[in-house]
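Engineer: What follows is a structure written as structure tokens; I'll ask about it next.
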């Protein structure tokens, strides 16, 4: 299988912080519309692509939003103060570039601090080069959101970019959607607002009420220098989630996924994430319980502007998801 | 004045009986249907000329307070907070305890007897206690019980000419806004939920929304205003005198930007002053309502209040009036501006 | 039924959050004898139904089946097992513990860490972090990998102990004591008449976010629900009001419906059961928190067994409190009026 690198690049580079996912949803819609029977949107903005069928009702969830910043105040001198959208490591943002929905770019600056430990959101600001408040307001206003800039690079087997979390999950879902051959009825849900609390997924699961659900997201790795111990590494295959803070995948679901991977010779690894959660969290507790699993793409430097994935893991995830849905 | 009556009632999270009965008696003549659900939320509905869209409005009836944790051997009471009470505001205040509302004082070690360093640190809940004048545990237990609610002893007053000071402006002022709204007639069916237990985790709202099943929801809160001396401009969440505050984002919800832009348009066209709630901390009933069942489009509009969650909060009366105006306009324009 | 023996069997069995299936057979067997129907929902929660004479309303009891534990995170080159926690385990209780690794078969292990003479003085002052601990099963990496894989759970090896004055101690009294309380209640109900259907539910995954409570309440749609859990009891060095041996602690506060609280207190008074009041001004930290806001709301109550040393492997309670909690619940249920609507009105 060869990956559609251009599509992956387009997905990661599109603007889409939580609450402003529409541009990403448009791109996905254009890719999948000829392969679904029905595309709908719910009250929160999730996009649901249905492939009709007679067998089990399965829901796939991949989130379209990325972390970002929201403008809360404009100083008289034209600097923008902000709050964070999702889990942003503020210490890592100084000097980085951000992009607004209308294409305006800015740089993140910081007040003078005596101690690095004092770095907090309220000491930071965005500089879009405006000379004063009036000029700034021509381009940006309070309530506008910005995404981080992080260009896409291909380097051998590895890909580097911002927002692989979870645009790579969306890509995996898109590839499977296009190539799926099954009698099951599958709902591919491109969810919103995952980064601010896995909010979109629960609403979608409530409406669809599937028999089974699979979330596709990223997970960290333990293969960098003096990393926190974790048995997941880049290039070792699709990660089958055992547990994170939002879900303990039921042993029977986990075993089922392992069996499928083994049967079809798909490289896989087992994942325990000690912090963080995914859309599967709220989904598996909806309406009296929905059996759910997670396929994770191993990613280094999650929530930075240079997340890194391995092409082999992406391919393995596509294969695994396809076979799980076809069962 | 209605706001005086509402704020002086003592009803904290889990003890909303009194405020619920008061609000019920006031709104009954203006609505078609009133009921109390399984959690104690008061739901009041009016039919409209049309059947849809169904709009839900919500304000919470509960205030923050304290609860008797234990009775000490010397007759004093140890207590815990109900909701987010800053322990630094408690010492040297008067309170009312239990159903009989007996008088109590939160005492402190006199300054003459304190060491230098002691004055630097606020007293935490383990060092605070209430004196009701009992001389023994046995005597105290004749008047209070474990689990009794304790209330801030604070009256409503007009401050200056146009400001009010009271406890519980969060969210009796929101309740007041919605009571005014209920007096009007609308084209669309509206249900106002006076919710319970917001302060201990947005507990009533989701259950209320589960029953009402609206197409659109508006939450009205009394929210934090930090426009005081020496405040850092970009950390000022809202300001008194600048009108109702529209929420952009908080810990529990990310509000729909497209809907917010339309509400701004409605406010500007009708010359109603407005501002944004410019911080992302805190949360309100919208957090639970928007995720109920298959999701509900929800916005939050607030009256700015200084010193919320303390004995004496302050608000500006014109902000209150403008909030009523804005909520009224949002309902009237819901179809015209395609808010859903 | 010999409740102490039941509790012993329950505590010496293993059911870490998310992996409770291992204890299903025991629980089903014991409860089949005292209930009319045994069922399971999609999430895995177990329901033991005791039918009432009228059956118009449902009373749900919830005690959680899961215990906190550890889980295999990695197997290093020397065959040592790296692990992380499932639920709130105090890391200070782990060094030098015997554990059971539940792999393809149960394997005995010991929790170890760097020996003291290799540590600096500063290091000795700090508690050992879980990152620095490992489980030694006495096998090579290859041998371990044949029996153990990532995701296998681990429990502390601890025998149930009887102390003086009817005190008992073991691992997982939180909340196997609650399961035992449900058994006492159902047996007691055999001697009483009760109008309403009683669903005694063994919920799953309470320790990681009251997940079983969320799903089971959705499925049962009870008219009243009472959670049964443990609460902190007075012990040396702690100023806590609730004491062991003084009876069940009845929760009071926003998480509890006033009519349910009142009903429990009245039942205790009528039947001369010593009880204690537990003021809970906010979240109760139990299944009751999730059940109360299920669907359109559920009138909820909480009965707690006083417990010392919670979340260690030597949790200690008094059998009398456990038995009296069960009896209290039975009397409460038997005392409920036939028509619940007015009874639960605000």
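Going from the start of the chain as shown, residues are counted 1 onward.
Every residue, even glycine, has its Cβ placed from backbone N, Cα and C.
Any TrEMBL annotation is an automated prediction that lacks curation.
Worth saying up front: this structure is predicted, and the values here are computed from it rather than measured.
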Engineer: Which residue of C:14, C:19, C:311, C:343 does TrEMBL report at the same Zn(2+) 2 site as C:174, C:207?
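Structural biologist: So, going by the record in TrEMBL, that would be C:311.
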Engineer: If we check Cα distances from residue C:206 (active site, proton acceptor), which of the binding-site residues C:64, C:174, C:229, C:311 wins as closest?
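Structural biologist: When the Cα distances are compared, C:64 comes out closest.
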Engineer: Any idea what DSSP makes of residue C:229 (Zn(2+) 1 binding site), helix, strand or coil?
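Structural biologist: The residue in question, residue C:229 (Zn(2+) 1 binding site), is strand (DSSP, three-state).
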Engineer: Excluding C:174, C:207, C:311, please set out which residues of the same chain place their CB within 8 Å of the center of the CB atoms of the Zn(2+) 2 site, keeping sequence order.
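Structural biologist: These residues sit around the Zn(2+) 2 site: C:67, C:68, C:87, C:88, C:172, C:175, C:230, C:310.
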Engineer: Using DSSP and collapsing to three states, where does residue C:207 (Zn(2+) 2 binding site) fall: helix, strand or coil?
Structural biologist: coil
Engineer: Can you give me the same-chain residues 6 or more apart in sequence from residue C:311 (Zn(2+) 2 binding site) with a CB-CB distance under 8 Å?
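Structural biologist: Residues satisfying the criterion: C:68, C:87, C:88, C:89, C:90, C:93, C:174.
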Engineer: Residue C:229 (Zn(2+) 1 binding site) to residue C:207 (Zn(2+) 2 binding site): how many Å between their Cα atoms?
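Structural biologist: Between the alpha carbons of residue C:229 (Zn(2+) 1 binding site) and residue C:207 (Zn(2+) 2 binding site) there are 11 Å.
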Engineer: Counting only residues 6+ apart in the same chain, whose Cβ is under 8 Å from the Cβ of residue C:207 (Zn(2+) 2 binding site)?
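Structural biologist: The answer is C:17, C:64, C:66, C:67, C:68, C:86, C:87, C:88.
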Engineer: At a 10 Å cut-off from the C-beta of residue C:206 (active site, proton acceptor), count the other C-beta atoms across all protein chains.
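Structural biologist: I count 28 other Cβ atoms within 10 Å of it.
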